[in-house]
């Protein structure tokens, strides 16, 4: 009593406390960062190594394996995968959530250093690492185009100057430059001219390397001066290399230009990048795992004027893709939804109370509670994101509940003629325990979420804490500011036996009377209600098993990512044509705004595309509908496939796959894996629950297998090293020398001119100079035959791995897809030497599915314990929790009605319903117990009176929660995929629970009361003295 009186009779102090809470909240709101979702990125580090010309199998055994053995010893590694292709190896290390990315980077560097002695010689550089996930979609893509600059010069400028500057911006983890390669001097040899002059390829290589050196020459000094010695020991352009003497034939000088075409070109001519049908250099910017995407993008945009000032006038720098506009639009939609929810909730209160003054009280209490929450969010290091703002939207219905319960009870005393301050004190005292019980039991629902580990726990933590803080502040405001305002703003009225019957008041009285009549009938037919109650429990179980499930709602971020997979024997020239064809098909779609793409490098038969869609307001279709439409057109392109997927704000794992979900096959036997992977992929491709099934196992690339006759080689004076060097010099784009420039280092690349290597007959023109100086054709000591070879070799851990990626057809859930895959694997009878498991998002989904029921049970158990403590009873908490089955049935039925799968967002809705619907029972049970204790009523009379007296606040709180969630259901625009499942779950659960719990709760109350009395009689037998 004294506690409440302290705030009621000291209005100035109470107002100042509320003002302080509001001001702190406003300050916190201004300081909070903005993000699409809470920070849930796994720390990921990518290690890269190269050995030009080495086959995928050579890269896997000689480069990847030694690095994996060393990197695998690092503490906190959650998953290690690698992919080796022609001349390149990439190892992805995914660490646990609690691993600091900088500390992990130091361990990675130490592991690379430890493995250095085990790596092969000839590597142009040491392995390097980057603190970024290559499977993540870039947060921004910049393009460079020019009418006068070559692609090589553009690439050089982009990688040497622009990429370095962008990488220094806070939050940027990696700047990947694609579309070409660094400038180089390319030497294209004429094998016939070399043969005529008697010059070997190794002789050319050694001559070039010896002619281009950079060594210290020292200095000359006398007693007065000092002269630094400088020589023309470097050759920097093609024109300087052409006259280089490489051999003397009968006293005549043979110059490089006589036997080769020497041009200023690029290191790797098998690269191409495009933007909207124009050749372009792409700068693909990815953020650090712990960085905020909006802050990082803002930092890049702020740097753009400086970048544009750096570039020459002949270069055009454009933003081809930016992830931030849709994120900002989504957050703006949530903020508007929050404002609408607050307005609707206040409208509900006004319709019930029919008083401007009375409505003003919750109209003040709700904003104070919500705004004050921002201060706590800032102190906790949270952000303004879709989930935290949705928590505040839902909290609107919660925080007004506390104010409604207090206000309605005070208003009841005022209507009975009590003075305002006395009514405020008496009314608050009566419902103080009820409000505390409601709030604490609601917060208790989220305790299991706060203790939940893994990605789901990280994802939901901000939601749970934000909502709990809002409820806590609301509890304080409802017991301090609300009664104070009631006592000083509301006026007492003359006692009247019947309320005024106007408008909503008349409807409410009619509803209350009808409810009273129906409740009497129900209390006389309790067995029928019991059957209905048990039926809802059974229906819950059936619906939960039957409803389709997924991990997270499929988002429409306005960005698509596509992976091209062509025939494994395709040439680079043909692959570049496929890229252009696919880009034209996509660019012609009316919903597409921008298309960029690239191909080449170590994976000639693959490419990547990034598509920016028009804003949601300018297109009718969702991203998935656009993908379905494009899939039909793209399927007509022969010799290649383009797999499209919508970019999501959550992507798990470091695998770069051509679809959203992955199923990984592991084996310690590479032949077994290569035998079973095609069978499994074929079976999965036939499943209607899967779409775009593809695999990263590519072992059907064309290979020319050369077989040396070692006896003949020995007789001819040729060793294997000389023969291999011939092949590397001829076909390997061998980097034979380095050109040092002030801003960068460039290579001299030697190969046989591609004009002479158009087909297999080129091997017949190759020759080796033996120990006697004679030219021996390759065909004298080698035979060749075509064969198949892998284009890539993949590992997970130290096991051979192959990942089958897939998308979901429209109308199919992830649970249906995973069940179909597991069923197919069982039917195929895959041997134990080949193990299959889901990876990435599909793996997290399965882990979440296993913990969902445990989480719900834990939430119910926590609420039960809290209610036990508050009521000092084992029975009454069960009465209160009996409201839950009807709410969950309503939620699951609503999801089925709207064809929405049960996702992590729907799980949040179920958890919220556990907290919402029990409020009705708490209000009934509290008043019934008080009526039995103080009024001397029977249980039947007490619960009947409690139901009628609390009918108005129950209707008000339920409708407030319902209208608070309704804007989530009706919301459209960006981010609605996240909001709608939450709104559907809550609205469906509230409607069903309101229809049933008004009747089931009093029946359950009486059942447990009779049960309690029965046990009391059994335990009250007279004691017989012995």
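Any Cβ shown, glycine's included, is placed from N, Cα and C.
Model, not experiment: these values are computed from the prediction.
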Annotated range (Swiss-Prot: transmembrane segment) out of 282-302, 303-323, 387-407, 408-428: 387-407
Of the residue ranges 897-917, 918-938, the one that Swiss-Prot records as transmembrane segment: 897-917
Contact between the transmembrane segment (953-973) and the transmembrane segment (387-407) (at least 3 Cβ pairs under 8 Å, separation 6+): yes
For the transmembrane segment (853-873), distant same-chain residues with Cβ under 8 A (at least six beyond the ends): 433, 436-437, 440-441, 444-449, 452, 880-881, 884, 907, 910-911, 914-915, 918, 925
Annotated stretches the transmembrane segment (984-1004) and the transmembrane segment (463-483) touching (3 or more Cβ pairs under 8 Å): no
Criterion met for the transmembrane segment (387-407) and the transmembrane segment (463-483) (at least three Cβ pairs under 8 Å): yes
Same-chain residues near the transmembrane segment (463-483), Cβ under 8 Å, at least 6 residues beyond its ends: 4, 7-8, 14-15, 17-18, 21, 38, 361-362, 364-365, 368-370, 372-373, 376-377, 380, 382, 387-388, 390-392, 394-395, 398-399, 402-403, 405-407, 410, 424-425, 427-428, 432, 435-436, 439, 442-443, 446, 449-450, 908, 912
Surrounding residues of the transmembrane segment (431-451) on its own chain - C-beta under 8 Å, 6+ positions past either end: 4, 398, 401-402, 405-406, 409, 457, 460-461, 463-465, 467-468, 471-472, 474-475, 478-479, 855, 858-859, 862-863, 865-867, 870-871, 880, 911-912, 914-916, 918-919, 922-923, 926
Remote residues contacting the transmembrane segment (897-917) - C-beta distance under 8 A, at least 6 residues beyond either end: 394, 397-398, 441-442, 445-446, 449, 456, 459-460, 463, 467, 544, 547-553, 811, 813-815, 848, 852, 855-856, 859-860, 863, 883-884, 886-888, 891, 961, 978, 980-982, 984-986, 988-990, 993, 997
